[in-house]
Structure formats: C-alpha cells, structure tokens
Amino acid sequence: SFEGGRVTMRRTVKSAPQSIWYGEDRPKYLGPFSEQTPSYLTGEFPGDYGWDTAGLSADPETFARNRELEVIHCRWAMLGALGCVFPEILSKNGVTFGEAVWFKAGSQIFSEGGLDYLGNPNLIHAQSILAIWASQVVLMGFVEGYRVGGGPLGEGLDKIYPGGAFDPLGLADDPEAFAELKVKEIKNGRLAMFSMFGFFVQAIVTGKGPIENLSDHIADPVANNAWAYATNFVPGK
C-alpha cells in the first residue's frame, strides 16, 4: 500500500500452526523408533524431525543461521535440479539445443564459436568465461547482498519468508496454508539437494545427464545401476 508517498508491505504472518508437521506430536526421523528428541527441537519450525546427532542446532543463533542457509540452498537446488532435467526432456522431445546435458552445456564457451544461449545466436552469445564469471558474481552478489542487508522493498520483513511484493500470489495470506507450504518447500528442497549431489556423481561416473541415465536404467536395470558402476570410483579402473 502507499502511505504518504512511501511503499509499505505487510510482514509475514506468524502463528502457531495446527498442522501435524509441527509440535511435540509431529512425525520424527525414525517414526515410533526415534530416540528422545533434543529439548531445543520443539517442532516450532518446518522440517524439524527431531534429529540433530551432531548438536548443530543447540545454539539458537547458529540454529537460526543454519535454517536460513538451508532454505536458501533448498531453493537454489530446486531451481538447479529443474535446470538439469528440463533441457534434456525438451531435447528428447524434438527441441533443438546446442547442448542439452547440464554439465556439458557450459563447456561450449571454450569452443571456437563460443556459446549461444538456447542454441540461438540471436540471443546471448558468450565467448569469454571471465566475462560470464564476472557477471555471475556481480548479479548474484547484488541479489544476495540485497537479501541479507535489506532494502526499500524488504525493510522490516523476514529474511527467509518476506511476503509482501515477494508473494504476488498471496500464498502466505492463510497462516495454516502457509505453514504447510513451508514444510513442502523444505522437504522438496532437501530432496533437490540430494538430487543435485546424485547428478554430480552420475556425471562423473557415467558421463551422461540424469534423463539419459534414467532411460538407460529403465531399459536395462541390471546393467545400469549404482552397483554396476561402483568400480568406476576405484582409481585406475
């Protein structure tokens, strides 16, 4: 809203969620076989399954910082996982790319003709890895600095769940629905982080993208699985 020529935005609404994913009776990491939950893990925050063997959440300030880092990395991982599989899916369905496999696409910048974004020379044509690196640092640094340091649009808002102009669809308007969405985000984000790790391992071991690896596994599960490729981790083999 506009008040006296200034832009103001609502804060993210906080309330005690009634969802099964919060509170003392929330699902635990080993279900009924879980050990005693640490006293500092009360089920107040999304994604708390009562597991902290290393005691990383014992200090409140460290816990708050780690929660912020986890959510940010979850969001990057979800975007990254989508970026790894989507071009391959499009390529397999007839869409022309210069290179659809995620870990091979960037290497085209070292080729004689450079890199055309989406295989189209009329879009961005990149020839310098240093220019790409500098642009990445500046753009991502600006966005992250704005998020951490705050700015006119984010003043007074939660760093992790700002709401306001950052929630144009109003997904956080209903506190109960918002509490559920937080849980879905952290669960899918953790899965995406593991997926990205798996994509890296696949790239090193098989030299193929995730969709091609999946197709190979479906075609011949016995010959194309983790156990069959395990010897590739042994140096010299």
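Just so you know, glycine gets a Cβ as well, placed from its N, Cα and C.
Taken from Swiss-Prot, the feature chlorophyll b 1 binding site covers Tyr29. Annotation source Swiss-Prot lists chlorophyll a 1 binding site at Trp51, Ser57, Glu70, Arg190, citing similarity to another entry. Positions annotated as chlorophyll b 2 binding site by Swiss-Prot, on the basis of similarity to another entry: Arg75, Ile124, Leu153. The feature chlorophyll b 5 binding site is assigned by Swiss-Prot to Gln136, Phe233. Taken from Swiss-Prot, the feature chlorophyll b 4 binding site covers Gln136, Arg147. As annotated by Swiss-Prot, chlorophyll a 4 binding site applies to Asn188. The N2-acetylarginine annotation in Swiss-Prot covers Arg10. Summarising the annotation, Swiss-Prot assigns phosphothreonine to Thr12. The transit peptide feature in Swiss-Prot is assigned to 1-9.
What Swiss-Prot annotates, mapped onto the structure for a quick look.
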{"residue": "Tyr29", "record": "chlorophyll b 1 binding site", "Cβ neighbours (10 Å)": "14"}
{"residue": "Trp51", "record": "chlorophyll a 1 binding site", "Cβ neighbours (10 Å)": "15"}
{"residue": "Ser57", "record": "chlorophyll a 1 binding site", "Cβ neighbours (10 Å)": "18"}
{"residue": "Glu70", "record": "chlorophyll a 1 binding site", "Cβ neighbours (10 Å)": "16"}
{"residue": "Arg75", "record": "chlorophyll b 2 binding site", "Cβ neighbours (10 Å)": "15"}
{"residue": "Ile124", "record": "chlorophyll b 2 binding site", "Cβ neighbours (10 Å)": "11"}
{"residue": "Gln136", "record": "chlorophyll b 5 binding site", "Cβ neighbours (10 Å)": "10"}
{"residue": "Arg147", "record": "chlorophyll b 4 binding site", "Cβ neighbours (10 Å)": "16"}
{"residue": "Asn188", "record": "chlorophyll a 4 binding site", "Cβ neighbours (10 Å)": "16"}
{"residue": "Arg190", "record": "chlorophyll a 1 binding site", "Cβ neighbours (10 Å)": "16"}
State the three-class DSSP label for the residue listed as 'chlorophyll a 4 binding site', counting H, G and I as helix, E and B as strand, and everything else as coil.
helix
Starting from the Cβ centroid of Trp51, Ser57, Glu70, Arg190, which together make up the recorded chlorophyll a 1 site, report each further residue of the same chain whose Cβ lies within 8 Å of that point, ordered by sequence.
Gly47, Asp48, Tyr49, Asp52, Asn66
Measure from the Cα of Arg190 (chlorophyll a 1 binding site) to the Cα of every one of the binding-site residues Tyr29, Ile124, Gln136, then give the nearest.
Tyr29
Measure from the Cα of Arg75 (chlorophyll b 2 binding site) to the Cα of every one of the binding-site residues Tyr29, Trp51, Gln136, Arg147, Asn188, then give the nearest.
Asn188
How big is the Cα-to-Cα gap, in Å, between Ser57 (chlorophyll a 1 binding site) and Tyr29 (chlorophyll b 1 binding site)?
15
